[in-house]
Amino acid sequence: MSRSVGVAEFLAGLVPPWALPVVLVATTLAEAPIVVALVLGRYWFRDRGDGMRLAIVVATAFAAMLALKHLFALPRPPAELRAPVSAVPAPFDVIYESLLDTDESGFPSGHTTIAAAVFGGAALDAENRRKWLGVAAVLVALVGGSRLFLAVHYLADIAGGIALAAVVIGAARLADGWLEAPKGALAVGSVGVLLSAAVLPGSPEVLAAAGVVVAVGLMWLSVDVPEEPWTLSVGTAERALVAVGIGALAATPILVFGMTPVLAFVVSVVGVSAAVAVPAFDDLER
């Protein structure tokens, strides 16, 4: 299978080690803290339904990406193409080393999949869709390009990640058009994480993604969350911190016992449930 090997070799040679910090900044746009912040911001401060769908889309794309990596098992570019850690300026050398500590499967690109899912999904729900789709395209290109410059992916891996995210986004939006939102997205997410779990049974990462879908579904069915989004205030900031604190507290057993499948699922359910349900306590602000 041709994956544009020559392109990867050419781009990897363009970036001198001293310029790698710029590339690292671009690749971190798809790291968990930024993705979680964007999804929570969309749900809390813009639109509840769109935020729930975005969470489901990102979780489903993540689980499907892991399953496809396992099924295809296509290698990454050879390590000889990458700059040595010792050549990268501090403190970026630590970030660079952590990003190189990846699994061996390269297709599809995980960072590109997540970037396309979160930025593309958010842009499609924005008021000025054309403008924000342009912004999303630039951000996805930055993330995907950074993976090529770092020599951890081939061009086909980047294209595969974008295609996977597009399929998940399209399926969720189409299903929500048939059913009351977010029922359609929940159905798509449920099928996606179940299929991924069948491919990777017992995977903590896939079960964490499943926990997102389960938590969104449970909270949507059982908690009366106001549709009116938050505005920035001391009260909303306090409630946001409470939700984040609950999620962090729920995650502490992982520090003791490690990332086991059961803990990954439970922590995901508890953390996401807190984030989804916290707007229901708006009446307690005063």
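Keep in mind that glycine also has a Cβ here, set from the backbone N, Cα and C atoms.
Summarising the annotation, TrEMBL assigns domain 'Phosphatidic acid phosphatase type 2/haloperoxidase' to 51-173.
Annotation comment: TrEMBL describes 18-40 (among others) as transmembrane segment. Long-range Cβ contacts of the transmembrane segment (18-40) within its own chain (Cβ-Cβ under 8 Å, at least 6 residues beyond either end) map to 51, 54-55, 58, 83, 87-89, 92, 95-96, 99, 110-112, 114-115, 118-119, 122, 139, 142-143, 145-147, 149-150, 240, 275.
Here TrEMBL flags 52-72 (among others) as transmembrane segment.
Feature annotation from TrEMBL assigns transmembrane segment to 132-152 (among others).
The annotation transmembrane segment is assigned in TrEMBL to 158-175 (among others).
Positions annotated as transmembrane segment by TrEMBL: 184-200 (among others). When Cβ-Cβ distances below 8 Å are used as the criterion, the transmembrane segment (184-200) is approached by residues 52-53, 56-57, 59-60, 63-64, 66-67, 70-71, 168, 171-178, 206-207, 209-210, 212-213, 216-217, 220 of the same chain, each at least six residues removed from its ends.
Annotation source TrEMBL lists transmembrane segment at 206-225 (among others).
The annotation transmembrane segment is assigned in TrEMBL to 237-256 (among others).
The transmembrane segment annotation in TrEMBL covers 262-281 (among others).
Broken down by DSSP into helix, strand and coil, the domain 'Phosphatidic acid phosphatase type 2/haloperoxidase' (51-173) contains 92 helix, 2 strand, 29 coil.
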